[in-house]
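Just dropping this structure here.
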């Protein structure tokens, strides 16, 4: 076991992690731990753009962007956080341009902007051009540009180091009113070096979680194989709550049967959705902005068309994304990558044929709760000193119950930067917290159990069963019955997980072992997600309950907070404590959400 | 390129679809023989070959076949992968002797009547099965200063760049650093010191960016004996690029720039 010491550790090297590292690296002794090479991170798969009210091509302002974000999130957004994000969006885009990001340009040489779902002029009057973009590979360009700048600033990376545990120390604190509570303090992380199987303990004053989402809970997903909820699960196991985990975004246009993402930019550039009768069905569901309604609405509308028998194809199980009325030159200039995906993976020529699409699991709105300084909360308002989170792993909450397109690339830049600065500043003023005794004991135990398991259960089998039940029961339509079915299956899988057996017993590049550990994370997160979904007896944003089809502000205008607590029980599930957290309102009163 | 103010004509509410629309139907299945070159110094000193017969489907990629082996037959088979749709650059490997991304190589596009062979990319040290040490590759990348250098004072808003200037280096911005090009280059195989196509592509991306001021420094680096002049224009790199970058053309442009700019 090796022990390292850094002021700041960043866990994850996607957009949020590297944006944080650029800031932190210039202020404090910083290292980035990543289970992949940095340029492999899934930020690179984001396509369409990053919104900021630059007003380069038409009138716009950040207040409209704030409103759209709040309404898009079906009012579960913390409005102070949304305001920070929309305001700082402008500098976030300009920062990236100055770092070298090759944005598409207007004829005058300014950053070009295009339309995106849910982004409107003057509080919903019409779609607005707000998304700054680099063709349909904006995420790729952001990831590359941030990595380039990490190289420029000599940021230190530990590549293919899997972080498997967060080290915290509990301290009894007496509050001003005389009551006592347990204060968590950050001591470091434990990580596993893929190359040789060695355990490394990293002591740090600040730890920033920027490890991304958990899309692999579902079978049909736009997410990478490596998005297994590690950061959320590690924090949860160590007593950090998770917020709003029931809210998962299903992106409307995944390639049918495969889930590979086709950007909303396709609709921003004029593409439309059609059913088997050739109808532009979004006219019925969102008469004003039609195909550019927010993703939850479009995804549900598509699923409804299929359910009512107007799906396409031999099994009538998808709808069509029609780009055939667009000029091929326009498609080539603005949407080259996604049209290539359609050709490569489905053999469809988008110039002349509509592309089969169906919703695909895309994004976790929930995650590790933070305030706008990216500081992690151990309850509704107690900060864990030295612990930060940013990006998809975090819940600020700027996305509420449904994230608007482009706001994730924005989130990672705005809150990644904030996390990096805050983590470094804290480290520069704080002392190291002493490591707990035997800091690697938990991690060694976790690995040994999996490595020595003889029970005969295969990781891939359990994972496939989990993904099937989640697709069948927890997708865009949910009900008490389907959620309970998923939960029962998850409990069965958690039992069977105790009998997992792997084949590779070696030390070098043992991905067989790591996949088993990742499955453990997925199962924990699936349980939290379903319990939260069962509890929320209303429909809001990405969470739609057929048994409770309306939004219920009286009872559910609250964030869900789920704690790992062996003593507790929630919705019949042992080991989970359920609490709520109020939503922050500043300017906008909840209204009915129409588009 | 269209201008941002151009309006797309409002599409019809309803159209007649030619047929059911899109592809579809029963996905055909077929058997393949997959042969993978294995290496694991914990198990054996020398590399060996393993072979499996698998039933696969028409939409499956080589990556799906590798996963089928790893998940159902032999968990020790080891390879890198992440996004699984050609964006992250993790799974470059030699498939039937050609560098491809396993997630972009559809099985139906290969000759499935013959054995499909998969090996690690060449020219980088093999660590285990299909995993190579990427460090030498990234070292070359870092040496060409892969970041924008602009010495003029920062404007309050963005730096301007015309669409034409932006277009000038568009092709080389597509690089995903998968190493398919570099590890297909015969010069790189015999001389590991050669910068290799990917590093030159990434230098090109900045040399031809109108906002950048360090082009001459990069050209000087690439004018080195291990630089662009080692390129023998075999076009292996262009053929290997999963992003369709005209790699050899980019290298030629860098060579021309060295000759025409006074260093």
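Using N, Cα and C of the backbone, Cβ positions are placed for all residues, glycine too.
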Which of these, A:300, A:307, A:403, does TrEMBL list as part of the substrate site with A:251, A:263, A:362?
A:403
Quick one: which of A:420-447, A:448-475, A:476-503 does TrEMBL have down as coiled coil?
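So the range that TrEMBL calls coiled coil is A:476-503.
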Considering only the recorded positions A:263, A:295, A:362, which residue has the minimal Cα-Cα separation from residue A:48 (FAD binding site)?
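Going through A:263, A:295, A:362 one by one, the closest to residue A:48 (FAD binding site) is A:263.
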Hey, for the substrate site built from A:251, A:263, A:362, A:403, who else sits with CB inside 8 A of the CB center?
A:222, A:249, A:252, A:261, A:264, A:295, A:363, A:405, A:408
Consider the recorded positions A:42, A:251, A:295, A:403 and say which one has the Cα lying nearest the Cα of residue A:12 (FAD binding site).
A:42
DSSP on residue A:408 (FAD binding site), three-state: which is it?
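In three-state terms, residue A:408 (FAD binding site) counts as helix.
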Show me the subset of A:16, A:36, A:40, A:42, A:44 whose Cα is within 10 Å of residue A:403 (substrate binding site); these are the recorded positions I mean.
none
10 Å Cβ neighbour count around residue A:403 (substrate binding site)?
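So the Cβ neighbour count for residue A:403 (substrate binding site) comes to 30.
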Here's one to test understanding: among the binding-site residues A:16, A:44, A:251, whose C-alpha is closest in space to the C-alpha of residue A:295 (active site, proton acceptor)?
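It is A:251, whose Cα lies nearest.
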Near chain B, which of the binding-site residues A:16, A:40, A:44, A:263, A:362 can you find when the cut-off is a Cβ distance under 8 Å?
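Cβ contacts with B, in sequence order: A:40, A:44.
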